[in-house]
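Asks: The structure that follows is given in the form of structure tokens.
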Amino acid sequence: MPASDARLVLLRHGETTWSAQRKHTSRTDLPLTELGEAQARAAGLVVKSLDLRDPLVFTSPRLRARQTAELAGLADIHVDDELVEWDYGDYEGVTTAEIRETVPGWTVWTHPVPGGETAEQVGARADHVLDRAEPALADRDVVLVGHGHFSRVLIARWGEFAVREGRRFAMSTGAVSVLGYDHGAHTIWAHNLTHRTEGDLR
């Protein structure tokens, strides 16, 4: 049974050249930019301020996520292949604006991704990640270091929303979200925290 004050913390990796250009980045293994490295270190200050209980840390295998975990000063880091970003298939390296030139109104939340993962597949993967993480919350807080869209899916599924509702939870590079419990129910305690908004739980 998870502790009532247990926290599941999501940390999105810092900036990369492609994220700065708004390009969909899944399998392409890019390093952090200089700004991304600074964002990762700043995220570490946010996580430290949470005073987590002996945190258990899982990170996506992608370089940008692993660098973020390390620069944030996190310890006891385990690589988890299920934390990779939504597979964008044919849209890898392409911006939403470019996709909309041929598919008006396209979003990853509402339209197919040719050659990539469906919303159902990503949702099932997120559910499995959460099912594996939740038992650890009985004794320790858990930190998941990953990617923008997949972190938003994790938030939606934790809140018992459909995958498409992840579109409501925009997440900046190097930002932190805090999930947990309120009277036994899954809740979102804080979202999209950066060092500039540390402690702001509005």
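Every residue gets a Cβ built from N, Cα and C, even glycine.
According to TrEMBL, the active site, tele-phosphohistidine intermediate annotation covers His13. The active site, proton donor/acceptor annotation in TrEMBL covers Glu85. According to TrEMBL, the feature substrate binding site maps to Arg64, Glu85, Trp86, Asp87, Tyr88.
If you look at the structure here, what lies around each of the features I listed?
Replies: Following the DSSP three-state reduction, the secondary structure of His13 (active site, tele-phosphohistidine intermediate) is coil. The 10 Å shell around the Cβ of His13 (active site, tele-phosphohistidine intermediate) contains 34 further Cβ atoms across the protein chains shown.
Around Glu85 (active site, proton donor/acceptor), taking its Cβ as the centre, 25 other Cβ atoms fall within 10 Å, counting all chains.
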Asks: Just to verify a number: CA distance, Glu85 (active site, proton donor/acceptor) to His13 (active site, tele-phosphohistidine intermediate), in angstrom, no decimals.
Replies: 11
Asks: For His13 (active site, tele-phosphohistidine intermediate), which of these binding-site residues sit within 10 Å, Cα to Cα: Arg64, Trp86, Asp87, Tyr88?
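Replies: If one measures from the Cα of His13 (active site, tele-phosphohistidine intermediate), the binding-site residues that come within 10 Å are Arg64.
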